[in-house]
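J.: These came from TrEMBL, pasted as-is:
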type	residues	note
TRANSMEM	38-62	transmembrane segment
DOMAIN	96-410	domain 'Glycoside hydrolase 35 catalytic'
ACT_SITE	Glu233	active site, proton donor
ACT_SITE	Glu316	active site, nucleophile
DOMAIN	454-576	domain 'Beta-galactosidase 1-like first all-beta'
DOMAIN	618-680	domain 'Beta-galactosidase galactose-binding'
Amino acid sequence: MRVTSSSSNYKKSGLVCSSKGSEAAAAMGKKGSRRVSFIFIFIISLLCLVGLGVFVPVLALLPALSSHSHNHHHHHPILPYPKRVNSRKFEIADDKFWKDGQAFRIIGGDLHYFRVLPEYWDDRLLRAKALGLNTKAGTFNFDGIADLVSYLKRCQKHGFLVTLRPGPYICAEWDLGGFPPWLLAIEPALKLRSSDPAYLQLVEKWWGTLLPKVAPYLYENGGPIIMVQIENEYGSYGNDKAYLHHLVGLTRYHLGNDIILYTTDGGTRETLEKGTIRGDAVFSAVDFTTGDNPWPIFELQKEFNAPGKSPPLSAEFYTGWLTHWGEKIAQTDADFTASALETILSRNGSAVLYMAHGGTNFGFYNGANTGANESDYKPDLTSYDYDAPIRETGDINNAKYRALRRVIEKYTAESLPAVPPDNEKIGYGSIHLTKTGNLLDMFHHFDVVESENPIAMEYVGEMFGFLLYVTEYAAKDADYGGILSIPKVHDRAQVLISCSSERNGGRPTFVGTIERWSNQRIVLPNTNCVSSISLFILVENTGRLNYGPYIFDRKGILSSVYLDGRVVHKWKMYKIPFANLNEIPKANPIIQASYSLLFDISARKKLKEKYVNASKEPAFYAGRFHIDKEDQIKDTFVSLNSWGKGIVTVNNFNVGRFWPSVGPQCNLYVPAPILKLGENVVVIFELESPNPELVVNFVDQPDFTCGSSKRNFNHEL
């Protein structure tokens, strides 16, 4: 995604599968007609989901693809599937898209299938179809929510064409722009998005697994895929033409010479110069700010395409915008958005809605952006509603959906499908939780890595969530306990100390938080301890950067830790075993402890709260509620008002992060497929201060009114 305003200097795009088709073809009907034949198209951005924590290799590397092999007219490779002999063909000529000899207009939309539960893929596709979209987009763990082939089949079943965006970088406000974070642990460090041979070798392995899976679904082979994107808005990042040519050669090797390849870049001369490949081998599309006059930009686009090979395409037509923690929820006017779309469609232009449906950043996969520098860090909300026409819950009874549908309907020949009703939501009411354990009483059961100095999360093998750094230092006779500083921490470090000789039995005491965006020092209290003092630093990875020059974004403590100016040594790093999106459930001491104490609570003495509540000690809370009838299993929201900061799991599914004191998101979306008949279990990991009554409420409406719209995230937390 491209941003041109001074307040939004980052981009997005991504693994998408809704009605946007970043180059998906929307039917244009007969040549010269303003109303067009109608086929739904979606854009699918491919994401490397790494729930297994490993890179899936192929049995052998591809033949060497030299950065000098820029000629794309070499012989067709021997493909690993039988190529169909038929008349299906998608092509570009006379500055138009053509499908089977008929002029074709793309009216597409982005829907990130990895932000929607598989049980709802059909539901969201049908809502996109009723909006009038004809193109959609299709994802490396190929199970569950990452089952790309299944998603492609569903797109085809519902009549969508697909524009595939396999990356290898997709942005999309997704953690590390879709790259698996273990790439950051490789030494020497990789140069991502470049012709670095070590990086390209990994791309070859990834695409060597991915592209053969999608090849049978190319349009000429009877499938829905009409175009494939190379990289994403590369002109806003780099200028390595050898890298782009290498990706083109690699794609041709696996997919043949018939498929249309394309790039997408911001509609400026500078970004197009750096991000496009001249000639007719790769089609150059553009994106730009909604409301900009598109036609001068489309004229500029022609300069970067061969004559007759430049159909006007807004590859990312922004229907809304994302929101970071601490910001007011982003909203854009429905009529303004619809009018901007009509400006494109009224002159036979094509557009892909980003987003048609945003979805949810379940688990720990949300991305982040920066402002002026690396410390001006802005993590994304759990919700990726995006103020899109199809809301986070799939709701379409809203002004923006209706306005966009009216415009799209004017430029399609066939009648649009009937608009389906919104899915029913339900509020299950208040649920009382029980404290089931303190994190610092449990960490000895977790996997540990020891080192003289603290090391990054990626090197420890903890790619997401939290890492606990533990050491000791000698107590001293002074009016204060010393000054603690960490020059570089990504992203948020909660600091506690404990002394076994203290009267409270050595319960840890919260002493402060060191944050990436402020990086203040902490004055430690004088404990009057006669033994060594234990130092606990719980670091939260709040989302890797997905766009911009600082995308190489390792997490954890990335520098020495200093106490009164002296380096602190001898660290133990404990991996906190939270489930992430699409991970295979395994034995988990956190969940086991929460469940066992919850279900046995009547026979056990409740934990004492007085030290924990006073010291903001990270702890776990669990509760349960019953659903008695199948027809009561509905979408819902868990309200975290009066809680501090942390994560929520429902039936061991990581629903996402909450931070109502910063806002604006108060509630987390809980889709019905997560719930079950009978007993349902909620576990909250609270970093700081739980709701005083240990209550959460399940309600039937979203809420984005928490925090203060005047709060400056980078300076006032």
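Glycine is no exception: its Cβ is also placed from the backbone N, Cα and C atoms.
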J.: So how many other Cβ atoms are close to Glu233 (active site, proton donor), meaning within 10 Å of its Cβ?
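T.: Taking every protein chain into account, the count is 25.
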J.: Have a look around Glu316 (active site, nucleophile) and count the other CB atoms within 10 A of its CB, chains all included.
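T.: Glu316 (active site, nucleophile) is surrounded by 31 other Cβ atoms within 10 Å.
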J.: Quick one: Cα separation, the residue listed as 'active site, proton donor' versus Glu316 (active site, nucleophile), in Å?
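T.: Rounded to the nearest whole number, the Cα-Cα distance is 11 Å.
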